[in-house]
Every structure is written in structure tokens, then in C-alpha cells.
Amino acid sequence: METEFQDGKQEVIEAWYMDDSQEDQRLPHHREPKEFIPLEKLSELGIVSWRLNPDNWENDENLKKIREARGYSYMDICDTKIKNFFEEHLHTDEEIRYCLEGSGYFDVRDENDQWIRVAVKKGGMIVLPAGMYHRFTLDTDNYIKAMRLFVGDPVWTPYNRPHDHLPERKEYLDKLVQAEGGNQAIEAR
């Protein structure tokens, strides 16, 4: 399922290494010179993503296939108009977001603990693996409407860094080490 629905994905999901500026978190924060990251790098970190059709999400067969294949039985829609969730944290479950309108940034850490900014626009769907430290902010348009998906009942408990003792964090790090050793992508589950 992870390799399906990839056409045009780079138009709705883009990633780069961030600078260390303390300026407004909603700015792109590119390094100079800019260091864009191929989307395959995100896969190596356990991030799964797709491009879907948000204009007809209620009847989207591709979304239905993803939900069935990955067990996403619960969903809701949230509108975000403020800059929030910017505290670095992790979850014990995957974080699944499908951008229906607007745009925003997910900041994630690479294997060397450097920040990668992942821009998600309308049509982009992203899955962050359990145990991955991350944060979210709006961009300067100050709006995103996103579908949140869950396996079973919705659980969305953020554990602010540091929470390295959690089993999900240890499992995530183990998968990263295995992926580096075998030079293969890890699976977000």
C-alpha cells in the first residue's frame, strides 16, 4: 500500500533540513544554501505518505483502500487556525493526517537528531510512526483542515521530549538502526 497513490506526491509533500533560526515558526526555515530532501529519505525514517483527492474524500476509493489496508477505523476532521502543537513530542500510536484544505509543517528528527521540515499541502496524507519525535505548526497562511485517522478508538496523547523510556520510542529507534544496517526502509506501524 505504501507504494501506491504516489503520482504528483512531490507537489503536496516536500521536505528540507531546517535552519536554527528562532524566527516565526510559521516561516519555511530553509538552510542556506537550501537542502531539500528526497521523499525516499522520509520513508527511511518510517514516514509513509500519499497524494489523494481531497475534493471528493467522502467517496475516494483510494482513501478507502488505505483505511482498510492499515486498519484506520476512526476518523474526524479538525480545523486549525492557530499555531499550536509546536512542542516536540511523540505518540505511542501512529499520527495520521490527511490535508483537506490549507497547509502546514510537520517537523521531524532524522537519525542524527537534525530537524527536517515536512510541508504538507492540500491532498497530502502523511503517517508518522509511533515513537518518532515531531512537532506541528501552521505556515504563514495560518490554516489547515485535516482528517485525523486512528486504528480503533481515537487516542492522541502527546509525550513531550524526553520520553525515551517508552517502549514505542525504543522500538522506533531499533527500526532505525536496523534500517541503517540493512540500508532498507522501515515500516511505520
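Positions of Cβ are set from backbone N, Cα and C atoms, glycine also.
Because TrEMBL annotations are produced automatically, they should be read as predictions rather than curated entries.
Small disclaimer: the values here were computed from a predicted structure and weren't measured.
Here is what TrEMBL records for this protein:
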{"type": "BINDING", "residues": "His89, His91, Glu95, His134", "note": "Ni(2+) binding site"}
{"type": "BINDING", "residues": "His89, His91, Glu95, His134", "note": "Fe(2+) binding site"}
Would you mind listing, in sequence order, the residues at least six apart from His134 (Ni(2+) binding site) in the same chain with a Cβ closer than 8 Å to its Cβ?
Glu88, His89, Leu90, Glu95, Phe106, Asp107, Val108, Arg109, Leu128
Residues within 8 Å of the His89, His91, Glu95, His134 Cβ centre (excluding the Ni(2+) site residues themselves):
Leu90, Leu128, Met132, Tyr133, Arg135, Pro158
Taking the Cβ of His89 (Ni(2+) binding site) as the centre, how many other Cβ atoms fall within a 10 Å radius?
18
